[in-house]
Number of protein chains: 2
Amino acid sequence: MRLAVVGAGAVGRSVVDLAGEYGHEVVAVADSSSAVVADGVDSRHSGVDSDAVVARKAERGIVGDDDPEDALAADYDVLIEATPTTLGDAEPGFSHVRTALERDRHAVLANKGPVAERFGDLRGLVDDSDGEIRFEATVGGAIPAVSTVEDIEPGHVTAVRGVLNGTANFILTRMAAEGLDYEHVLAEAQDLGVAEADPSFDVDGTDAALKCVILANVLSFGAADDPADAREFTLADADVEGIRDVPGSALRLAAEDGRTVRLIGEATGETVRVAPRLVPENGTLAVSGTQNIVQIETTHAGRLNISGRGAGGPETASAVLGDVGRLE
Amino acid sequence: MRLAVVGAGAVGRSVVDLAGEYGHEVVAVADSSSAVVADGVDSRHSGVDSDAVVARKAERGIVGDDDPEDALAADYDVLIEATPTTLGDAEPGFSHVRTALERDRHAVLANKGPVAERFGDLRGLVDDSDGEIRFEATVGGAIPAVSTVEDIEPGHVTAVRGVLNGTANFILTRMAAEGLDYEHVLAEAQDLGVAEADPSFDVDGTDAALKCVILANVLSFGAADDPADAREFTLADADVEGIRDVPGSALRLAAEDGRTVRLIGEATGETVRVAPRLVPENGTLAVSGTQNIVQIETTHAGRLNISGRGAGGPETASAVLGDVGRLE
């Protein structure tokens with residue numbers, strides 16, 4: 001497949017870097033201010049020079065001398081939407097996806113915004129298009145959360161819960177392990193690059209909540225006999241509490257009882273909740289560090305647990321490229 | 001889809017029982033000596049009476065007054081092969097699958113024999129047929145092991161390992177928890193119905209080895225550029241050691257070091273090994289009781305762990321019916 005990669009952050013750059021290994025070629029790359037579009041002159045090498053693009057971004061801060069609109073207008077099969085997650089109208093990511101679908105191309109998203117905040121609008125675009133959308137990379141990084149849930153008979157998944165934010169999980173793991181308080185461990189996480197300079201998206205539970213909203217939309221629309229009747233979720237429907245107010249004393253108290261604290265998100269076809277919870281300290285949900293885990297409750301197959309790396313350029317890119325493979 | 005269910009043990013009966021919930025109808029059921037075939041007279045209810053079939057099997061030991069050959073000759077879309085696993089020539093299961101494929105129908109297997117012992121022959125039948133085969137239910141019960149591995153880019157899975165036999169795992173879990181020896185816990189497991197009167201298939205590691213052989217075949221054929229060059233595995237290629245000789249003292253010694261013992265199977269595209277191994281006692285591989293876990297090593301996405309119920313009628317039936325859904 002020919003890919004147009006929109007967004008040149010860690011995920012976009014990894015997709016550009018790895019696409020060839022998956023048998024795909026990158027025909028265009030765009031960041032917020034620039035683009036590079038393959039000219040298709042040499043039919044054997046009609047993709048962009050991946051190494052050059054990544055190097056140019058590192059050295060000059062741009063991917064090429066073209067305009068981002070040129071990437072959206074290029075001749076691609078799949079648009080990879082890897083721009084930063086935005087809330088509300090989920091722009092400009094939503095418009096990138098709309099442009100692809102209106103051109104009857106496919107879109108694969110790593111950007112959670114459109115899938116969490118405008119799921120109904122996306123479904124409408126897909127209904128009117130020959131293209132499809134997929135969004136495995138929006139939930140759980142390398143964990144095939146969305147495809148595993150979708151693979152289970154519609155209506156046979158009653159809930160999905162888990163540890164879905166590696167930053168918050170790293171902080172709680174270190175607080176428990178070292179007996180340190182939140183501020184101290186946050187500073188350590190920022191030094192390591194595990195937490196951002198402004199960590200609120202992660203530590204306030206927003207990132208985990210967006211992922212749960214996406215899962216709730218998948219469950220809701222999957223179970224509905226008529227999609228027109230399916231309830232659509234957005235971030236506003238989520239009941240969210242982060243980890244800023246978890247004191248070190250709570251973790252010590254929990255440990256005396258063989259428990260610990262994890263930021264747990266849960267989605268059903270009816271509700272979305274994110275909050276710190278007590279869990280058995282050696283139990284399944286007590287994954288460590290930046291690991292994620294997704295726990296799927298099913299009607300006939302009991303509970304499935306899938307854990308793995310929740311984030312990272314190559315990890316998320318493998319989820320994106322896995323989705324491209326499912327389109328073929 | 002119209003299903004012909006061959007095999008009326010726990011798995012076959014559960015498939016008959018649950019097929020309707022998945023939108024499929026059962027048009028024939030066979031056990032080793034009898035069959036029932038829907039007569040198709042009433043077009044709205046052209047399937048068999050599932051409750052009656054299950055009741056008849058319980059009361060009379062047969063499923064109907066027809067001959068098993070009538071089920072194989074019936075008008076179905078998918079043959080469900082759920083007869084007991086046999087080794088070597090994998091008969092009669094292999095012939096049931098061959099009959100379906102030669103009639104250009106699909107076959108979904110819960111029976112490990114043909115997939116572990118005659119994978120190349122199965123591939124040959126599929127090459128000459130309009131039908132496909134699927135075999136999720138042969139590995140890991142409710143865990144979507146095969147489909148998750150298949151969903152990852154060919155060649156990007158370097159190894160699959162795990163706890164794949166619930167009987168052996170239950171015995172080791174109880175030995176560690178109670179400080180009892182193997183013979184004592186085996187008797188308990190047999191009383192509970194977790195171990196068979198002749199437990200050798202489970203405790204000698206044969207069942208786990210067959211599952212690893214199946215995974216090795218999936219990895220080997222998945223990674224090969226030309227299937228004709230792919231190495232085919234059978235049980236004879238597996239290096240297998242069971243749990244009969246694990247003394248209670250080994251578990252006590254392990255516990256002093258924060259470890260325990262689990263029967264671990266591992267498959268790569270080159271090797272298959274099953275043996276008791278020391279694992280961290282609170283680690284990912286130390287699942288408890290009859291749980292199974294599959295650990296997938298990938299090139300770009302790190303390690304994925306999937307755990308869940310490894311066996312059971314409804315659990316295995318959900319894997320079978322999930323495969324039917326993937327055929328559509």
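Residue numbering: from 1, along the chain as shown.
Just so it is clear, glycine is given a Cβ too, placed from its N, Cα and C backbone atoms.
The Cβ neighbour count for A:K211 (active site, proton donor), using a 10 Å radius over every protein chain in view, is 30. Annotation comment: TrEMBL describes A:K211 as active site, proton donor.
Cβ neighbours of A:G12 (NADP(+) binding site) (same chain, under 8 Å, six or more residues apart in sequence): A:V5, A:V6, A:V29, A:D31, A:I80, A:A82. The NADP(+) binding site annotation in TrEMBL covers A:G7, A:A8, A:G9, A:A10, A:V11, A:G12.
Taken from TrEMBL, the feature domain 'Homoserine dehydrogenase catalytic' applies to A:146-324.
What TrEMBL lists as region 'Disordered' is A:308-328.
Counting every protein chain shown, the Cβ of A:V11 (NADP(+) binding site) has 28 other Cβ atoms within 10 Å. Taking each of the binding-site residues A:A8, A:A10 in turn and counting other Cβ atoms within 10 Å of its Cβ gives the largest count for A:A8. Cβ proximity to the NADP(+) site centre (mean Cβ of A:G7, A:A8, A:G9, A:A10, A:V11, A:G12, cutoff 8 Å) flags the following additional same-chain residues: A:V5, A:R13, A:S14, A:V15, A:D31, A:A82, A:T83, A:A110, A:G313. Across the domain 'Homoserine dehydrogenase catalytic' (A:146-324), the model assigns an average pLDDT of 96. Within the set of binding-site residues (A:G7, A:G9), the lowest number of other Cβ atoms found within 10 Å of a Cβ is recorded at A:G9. Shown for the region 'Disordered' (A:308-328): DSSP residue counts in helix, strand and coil, namely 15 helix, 2 strand, 4 coil. When the binding-site residues A:G7, A:A8, A:A10, A:V11 are compared by Cα distance to A:K211 (active site, proton donor), the shortest distance belongs to A:V11. Annotation note: A:G9 (NADP(+) binding site) sits in a coil segment as assigned by DSSP.
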